[in-house]
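Reading through the structure tokens given below for one structure.
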Amino acid sequence: MTKSSAVLFILIFSLIFKLEELRAALVLVVLLIAGGLFMFTYKSTQFNMEGFALVLGASFIGGIRWTLTQMLLQKAELGLQNPIDTMFHLQPLMFLGLFPLFAIFEGLHLSTSEKIFRFQDTGPLLRVLGSLFLGGILAFGLGFSEFLLVSRTSSLTLSIAGIFKEVCTLLLAAHLLGDQISLLNWLGFALCLSGISLHVALKALHSKGDGPKPVKGLGSTPDLELLLRSSQPEEDDNGEEEKEYFVAQG
């Protein structure tokens with residue numbers, strides 16, 4: 001339920017960094033989605049202050065992360081519009097940040113596991129390596145699609161797409177694992193879908209309202225400047241020839 005605040009933080013930081021314009025429709029979309037997701041995941045449980053603070057802090061940091069990522073991807077001067085370039089620069093830093101945690105919490109268990117470093121049969125080792133390889137490919141595809149979506153749309157759209165994924169996960173859990181969904185949960189589900197549908201409709205109307213935009217930075221390219229400079233003497237020569245012709249005719 002606390003995780004549903006992530007879309008609120010992304011909206012707040014998008015407004016702070018001027019990536020989004022404050023519009024009533026946009027605020028309505030975010031409130032519908034956040035409130036609907038809160039109601040959809042609502043259930044009586046034991047409150048834990050430490051867990052609440054951790055999840056709320058993760059939502060807060062996630063809002064900063066994706067708004068800053070949008071600024072990097074959509075800033076033409078940096079040349080990071082291609083998701084592959086962005087991953088090439090960001091993934092090593094993410095690895096350095098996660099590796100100490102991995103070494104502390106899982107390093108000893110992994111180093112003493114008979115499935116990898118102390119293996120006696122190559123069959124389990126190959127299955128583990130194959131699973132790791134497949135997981136790496138899926139993680140690469142997920143990261144690529146996330147950065148591509150942010151570069152073409154916005155961090156808010158990415159967050160809403162992630163919420164739609166969470167809603168599908170909860171519905172599958174209810175269908176396959178037998179999780180109970182109350183009337184309040186179904187009302188939250190309807191609100192959440194309403195917010196997502198409204199966001200999609202607003203995006204479609206906004207894209208139709210925008211005409212074809214000129215390519216940014218075209219006038220500052222070196223090739224165009226060189227072409228303009230080389231054409232100026234020719235225009236001057238043509239102007240002088242026309243002036244001499246009219247003087248001779250007069």
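Cβ coordinates come from backbone N, Cα and C, glycine included.
Marked as compositional bias 'Acidic residues' by TrEMBL: 233-243. Summarising the annotation, TrEMBL assigns domain 'Sugar phosphate transporter' to 3-198. According to TrEMBL, the region 'Disordered' annotation covers 229-250. Summarising the annotation, TrEMBL assigns transmembrane segment to 21-40, 52-68, 88-105, 125-144, 156-177, 183-202.
The transmembrane segment (183-202) and the transmembrane segment (21-40) are in contact, since at least 3 Cβ pairs between them lie under 8 Å (pairs 6 or more apart in sequence). Residues of the same chain lying 6 or more positions beyond the ends of the transmembrane segment (125-144) and with a Cβ under 8 Å from any Cβ of it are 83-84, 87, 91, 115-116, 119.
Taken together, the residues in the domain 'Sugar phosphate transporter' (3-198) have a mean pLDDT of 85 on the 0 to 100 scale.
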